[in-house]
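These notes concern the structure reproduced below.
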Amino acid sequence: MLVYFIISWISLIILKLVFKPLDVPVHLDRHSPTETSSNQQQQPENHINSPLNNSSFLNNTQTTPNNPQQLGPIRTTYINQQEFDQLFQFIPPKRFSWQLFTRKFFSDYFQCFCSFSDLFHFFLSFLPIFGWLPSYNFKENLAGDFIAGITVGVVHVPQAIAYAILAGLEPVYGLYTSFFSVLFYAIFGTSRHVSIGPFAILALMTGISCRDIYAQFDKEFFEAEIKLLDDASHNKIGEENNFLTLTNMTKLIPRVEVGYSELVQTITLTAGLIQFAMAILRVEFLASYLSDQLVNGFCTGAAVHVVGVQLGKLLQLNLGQVGGPGYLYIIFFNLIQKLPQVNLIVLFLPKFGYLIPFVIPFELLLVILATAVSSFANLRDNFNVTVLNFVPTGLPEARLPRLDLLPYVFGDALEIAFVSVALHLSMCKVFNRRMGTKTDNNVELYALGLVDSLSSFFTAYPVTSVLGRSMLNVECGAKTQFSGLITGLLLLVVILWLGPILSSLPVCILAVIIIFSMKCAFEKIPREFLHLWRVSKIDFLIWIVTIFATILLNVMQGLALAVTFALLTTIFRIQWPRWHLLSNLTGTENYRDSGRYKRFTPFGHGIKIFRFDAPLLFTNVDHFAKSAITAILTESPSIPSNNNNITINGSSCDKNLFKISGTRKSDKIKKFDLNTHSLLERRIKSSGVKSLIVDCTGFTFVDYTSINALADLYHQLCELNINVLFAGAKAPVRDMLESCNFFNSVPKEQFYPTIHDAVLAASNKKKWQKRRRGFHSELSLKKVSGGGGGGIQDDTNSLCVGENELYQWSFKQSTDTHIIIKEENEEEEEEEEREENLFVVEFGLGTLENLNNSEENK
């Protein structure tokens, strides 16, 4: 038996390798095509008895086994949305309760106080180090974490000093910022691979913010001086002889005395508190407003500012004050003027970095060689080269930031906090995808807020994750946050003992380090340019506008303008979205864009399917209405060759009995003026479209204005003899329609669960009823005689319908009255099926139009 099994198994493998599978039609039904077809013939073709019968609706399908294009059974019965909800027991939405909302909102924050265990785990969630450190695997992770920590720490030292000078602080404050940020993030952070610390763009934003705030202080003091002098000129203030000296003027005008480091402290604390508040309120999604294209463009534009600011230090020139709109133009203008004053020695110092043939970190190499050359050649005294001078040792004393400066720094701190969050979360996202790890954005916001808030007590400036150091951390083998502790220990050694060694380091070397750190921002410009242009023109435009806005304006103003422009592009895309005409893919129940597929089945019966790819809002309702009219007037795609059409036959009925339902038109309903016989109306009537199916799957949500516009469009198209059906409306959208009383104006029977149901209904159903807001009354017609005369007559109490029948009516004549004539089939005694013909009567003009009287409309 085993031998037969082995032989069969080998034979099966050979068959799979030698022979290709046959190209046979795939049937999605478990039954055979013939069996399904036989079952199909036993099912009724009308939909009135089928929706509430599971076997009739769910099994009434049709297959064509001889058609290779048929992918599965296709239903020939349909069901509307109301019957669909009844069949599958639709659950209505729950009413909003403030009590439940408040209880849930506060339970998320106070649930931890229910027990000591919950409270303990709550506080433990703020200290992830107690989660990973006790289970740390020293054998597997220590070597990689140690090497990565030392390498990243070596890079931290020169960058921290350089970025501190960029922020306008003393070099030692950069070391404090790196040490405390790395230490606190190892305790509170959850990402294993990112390297948090100083960043050139945040340092530049901090320095510009401080200079702008000082300018605001000077402006307020100057305005107070002007007011005081004005009062003194009117003898309202002064000494005994009304003489105002500079000394007593200073006493009378309160001037805000603020140290630069105190201002930086307050900015860092405010940014940290904002980030912590974002975590508490769980609004980390706000950082998503800074998209990847916007962040990349902002970093590129800010890199230009960083290079421009460092040119003065690199060439040892005074190029003017940094800050204010357009300061970059002044810097470049002064650079051109002062080029003859460049100190040539500082141009050759960076070249020492190329003397070592083996690979070590560029920043460390440059710092060691430049410090040695500067100390040996005494560049400060002999060649007038600016150096760091004194770098103190020891840790700083903690001090409370000045809270009275919060109103001055809040706006700038808000922008710094958002940029820091966007950069950090994007770095976490990048390394999560690359390394297969997971981080909680909300926990990362807590960590970032705590890092900035606690570091501010030690005169640190805002920090974030940096791509260059993070990549170096991963490439050196970092496995956990323990590498951050190693980096912190190295920085502590530098702060406590090695600071004086850096006193001879030339400032131009720090400028080179800063400019070199911006290299990656410039290198990816060609790649981003080509990639975004190919992928998305709008994202490309956001990237370009962000770069030029940041370069041409100030960094803060450029960021605000870039965010505004990005939000406007989203509004424009919602206001003018794309719309499509859909067609049935041959042999399926799928309906797709007609312009993207060649094998589709054209519709008969004058049916068009219209899809609007956006939520329906007050901003785009006009565009939606115009697009719907354009879709009606657009010619259907040509019939492809060798395409098997799926035809659905409808039943016919005799025309014997009529009823009339009159409706008084409401003044609130907007409609086309049918009496003007405008060109648009004639084009719509001549288009041959009898049914328009609106695919509502693109409506993620709707508002009150758009619902009214949707009802108006429905009635306008009904006036033009076009039956409007809605398909695939989501439950929240239908709930909104129900709450706005939309179905008082538009029948629920016009809604269908799928496009296929709506197509079947429009193909088979020869009846449709127009409902309007207003008065409804039942009228009856009495058949008088054969009409004869072959036209429409308007006598006092008679109307001629067609050529052979004359009916008499007794309704009071009114220009605002619409008559709907319904035709019933007398052959059906149980009134289970009704076929209705509709007529619209304008009594003021005495016109009568038969909507479904021709054979082609049946």
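The backbone N, Cα and C atoms fix where each Cβ goes, glycine too.
If you look up TrEMBL, you'll see 34-48 marked as compositional bias 'Polar residues'. The annotation domain 'STAS' is assigned in TrEMBL to 606-762. The feature region 'Disordered' is assigned by TrEMBL to 31-50. The transmembrane segment annotation in TrEMBL covers 6-22, 109-134, 146-166, 263-281, 355-377, 405-425, 445-464, 484-517, 538-568.
With a cut-off of 8 Å on Cβ pairs spaced 6 or more residues apart, the transmembrane segment (445-464) and the transmembrane segment (263-281) reach 3 or more such pairs and are scored as touching. Looking at 263-281, 405-425, 484-517, 538-568, the range that has the most CB pairs within less than 8 A of the transmembrane segment (146-166) turns out to be 484-517. Counting residues 6+ beyond its ends, the transmembrane segment (484-517) has Cβ neighbours under 8 Å at 145-146, 148-150, 152-154, 156-163, 165-166, 171-172, 175-176, 178-179, 182-183, 185-186, 189, 195-196, 200, 306-307, 310-311, 313-316, 346, 349-350, 362-363, 366-367, 370-371, 374-375, 379-380, 385-395, 468 in the same chain. When averaged over the domain 'STAS' (606-762), pLDDT in the model lands at 77.
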